[in-house]
Amino acid sequence: MGNKQTIFTAQQLDSYQDCTYFTRKEILRLFDRYRDLAPQLVPLDYTCQPDVKLPYELIGSMPELKDNPFRQRIAEVFSDDGEGNMTLDDFLDMFSVMSEMAPRDLKAYYAFKIYDFNNDDFLCKSDLEKTLNKLTRNELTEDEVRMVCEKVIDESDLDNDGRLSLEDFQTMIVRAPDFLSTFHIRI
Amino acid sequence: MARNVAFDLNHPHMEAGLESPIDEEGVHDSFSQLIAEQSQNGGASDSDAFELQELQRQLDEEERDNVAFLSGPGREFQGRRQRDAEWEDADTQAVPLIGERWSSATLKILSSMPSRTIGRNRGAIISQYYNRTMQLRRRRQSRPAIRDFSHSARPSIRGYGIETDSADAEVSKRDRLVNNLQNLSVSDRIRMLRAMPLNVSEKSELRSLALQKEKHTLSRRIPCCSQLKYYIINGARQGWYSWLSFLHSLHLWQVPLKRVSGRFGSGVLSYFLFLKTLLFFNVFLFLVTGAFMVLPQELHPPEPSAGRPSFTGLELLTGAGYFSDTVMYYGYYCNYTLRKSCRDDGGVHNVSLSNGTMPDCVSKHLSYNMPLAYFFTIGVSSFLTCIILVYSMSKSFGQSFRIDKSHSILAIKTFCSWDFKVIKKSSVKLMSENICTQFKELLAEVSHKQVKNTRCQRLWRLMVHGLAWAICVASTTACVLAIFYCSSYMHKNLQFFLRSGVPVTNPQLNEASLLALPVLVSLINLLLPGLFNLAAWMEDYESPSVRTYVSIGRNLMLKVSVLGVLCYHWLGRVAADPTTIGLKCWETFVGQELYRFLLMDFIFTILDTLFGEFLWRLFSEKVLKRRRKPVFDIARNVLELIYGQTLAWLGVLFTPVLPAVQILKLLLLFYIKMSSVMMNCQAPRKPYRVSQMTTVFITLLCFPSFLGASVCVTYTMWSITPSSSCGPFRELKTMFQAGKRWVEELEKDNPNLSVLARAHSYLVENPFFLFVGAGIFLIVIYFHSQVVDGQRKIIGLLQEQIENEGDDKKFLITRLQTIHEQKRTPARRLASQNSNC
């Protein structure tokens, strides 16, 4: 079973195994999932490290992400070019961080990036408003959204600059034991 | 820190004032380097110092900056300080920070401070991980022995071997990180690599660089005994990882679990994961008992007793009849040492004398002391199960224990409530609606202060609670008394029949009547939780978590009392005087009872699934015309699982095959519950705290369930006389004596081992040793709690230190700002004077 595959070299598989939270079998299974999105674009031979990027539309059509309101942000955060077009490395990275074995700090780092819509390394009020609207599908009134954003910043902003930095976010996540089980995609 | 630094704003190299002074090296090593790196690299946000100069030049002409209101920028390193304390501190500050307007230059400097940039760019991440790997190396590295160094070596070199690294100042941070990675052990390196928030290609590069370097450097001279230790530890770790990966690769039920989580989320999933955990416990137990008890006895069956009843279908339900004299029950097991005879007719047909006299032609090699094996298997498997349970309970507790401050409710709700596992469209929609409702409720709670209940209302609520509790306790007591009287009635009935000598007309009917008690107990377990739910509905709790805990408490009370009365009936009545009801082998009878209880529990669970979920859904859809399906009650179902597992653990002593029955039951239950949930139920509307509930359930599995079962089993083994005509412990005073007898035999065979025998008799039988052992255990726990207390004090001191550093920063920044202002105002005055003239 182990040596019959010809997609990756042994070193590549070892390297993937050491850098992600997946075992060999899971990496091969994920490769199959990646290839199933676009069989004509993805070659069967990755030993020469081809430069293949799947466009965001294909990634966003995966059943695990299709109905997730944050799918675009997830793809953007994990893709190299920031547009959501993912190589196989990005794909593996994404599912490795979202797997159940990833530690809390790693997940918190990426969750912060996902919720940071304007990519300024801070969760400002507009980021929070966008997050809330995506969570509730725009069902909260503007007043309610504004109140919630104010209270959230009030609660978590430790250095009082009106926005949440990564440290504030991580300090808050430490107090939420459910974060590990909700920030998890099964693949 | 209390230096008088002159802020020379006209100095062309403003960054000189920003550099960390050298005396900060020890603590802020990475920061000074990071600043140097940033000022060298000049990244996108790094040219602040340059910009500051530019701004300065423009400041003479421009108006005062219109910057956003910013209060107290010096409060970066607050740590875990309460917000109230922060505001209080600000008031007591001599320097007024509130209301201060900071210039954009100050803001830029503040935002590029090293502590703020940790998450931002690759350089910062690599710096951070360089520090972490350095700390890890320091922790892991043991001091090399003095004799490994020459006499002339400086004392400082004898310290950590890390100083022998090349201290080349021009080596970049990345190379240093690679060097650190290379010097870590394999598992530490993998753990560090995986946890780095970089993308996979960069991590692969770091890894390949680290491995390349490893090939080039020669390994250090390690003495042979620590090399051996290294190999052993490495081998054990590899073995453990490969076992874990094997378990993980089994992918048991991966697809159904994904479907359930995709549709219902983490709450319902936790029930199925708990079921999977119980399955693994039972598989482990069955492997151990099967290998050491069932298999040897099957290979050497004792002579069959006369009058064995034929197989009728009723045995599958009652466990009696044809199954009585099989390897299923305690009574079948031999009490002698099994030896392989020379003849090939399979099995030993010698007389069953207690000390196992040997016939002539018997090979000495393959002998198996059955009573000892039985005793030790039960003991060791209980001990291992206990360790595994306590370990998983403490791990789960560590993950989920948080001091529940009500401070961050909304923030946690915003960022941690979206369950990424849910992928079905309708469930996603439902989840959004739930979250929206929860937000509205939270906002209402937070904005409107709690209306204080009047005294009358409080009294009314107290009365309602009291009434509900009275109902629950009364119904529990009534049911427990019913079980007690029913069991004593049946007991007396059997005694009566035996004494009166009435011939047994219909043995099958008699056997079927044994099912009455299990049916009664299962009925009670089915109906009473419904009553508790009604009481809770009447009480109308505000907080859903309080409601869940109260419901769990009441159900637990019911099950503990039921099991208690049943244990009294079996161990107190039946075992005390088995001959009065005509039992030759009371252990087999108790084993059969447990089998019946387990089976009835399973049948009633299926019935409940059928009626409670399937038929109720049909009823509510067709008759009541409601769109809402019934909700899957996670807590109640998990408690049912725990109850079944308690019965299984109680029964292992009497029925070594019971774990196999439990495995079959759990497998069937998984598929039945899975299909029922998918067809009939909807996701719970109330928020469900998964990790807290999982911890509670595994604690319940450990404490009342396993502890109770092991206490009963220990009591049986220690105090109750085994039957004299069946089982591996016949003709012994207690089961415990099997061990003692074995030691006596050892002593007889080999007088040199008399020391061991005497030690054994002192250690095991003398209660003094138990007291001493318990005392030592308590002392160790006390020391550990003192260590934890000391660490807590250190945390307090460190927090104070962080606050002081924050105050220092505030001071420096305000001074910087005031000097900046002073510089500007005379310049403005000059400019206005010039313009006036």
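The backbone N, Cα and C atoms fix where each Cβ goes, glycine too.
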Of B:45-72, B:73-100, B:129-156, B:297-324, the range TrEMBL labels coiled coil: B:45-72
Top partner of the transmembrane segment (B:556-575) among B:372-392, B:462-485, B:515-535 - counted as Cβ pairs under 8 Å: B:462-485
Distal contacts, the transmembrane segment (B:268-295) - CB-CB under 8 A, six or more residues away: 252-253, 256-257, 260-261, 327, 333, 373-374, 376-378, 380-381, 384-385, 388, 392, 421, 632, 634, 637-638, 641, 645, 648, 652, 656-657, 659-660, 662-663, 666-667, 669-670, 673-674, 677, 681, 683-684, 690, 693-694, 697-698, 701
Residues from the same chain, set at least six apart from the ends of the transmembrane segment (B:768-785), whose C-beta lies under 8 A from its own: 762
Considering the transmembrane segment (B:515-535), which listed stretch of B:462-485, B:595-616, B:693-718 counts the most C-beta pairs under 8 Å: B:595-616
Per-region confidence, the coiled coil (B:45-72) (mean pLDDT, whole number): 44
DSSP-derived helix, strand and coil totals, residue by residue, for the domain 'TMC' (B:585-691): 81 helix, 2 strand, 24 coil
Outside the transmembrane segment (B:693-718), six or more residues from its ends: residues with CB under 8 Å to it: 267, 270, 273-274, 277-278, 375, 378, 382, 385-386, 389-390, 392-393, 396-397, 399-401, 548-549, 552, 556, 560, 563, 567, 571, 575, 634-635, 638-639, 642-643, 645-646, 649-650, 652-653, 734-736
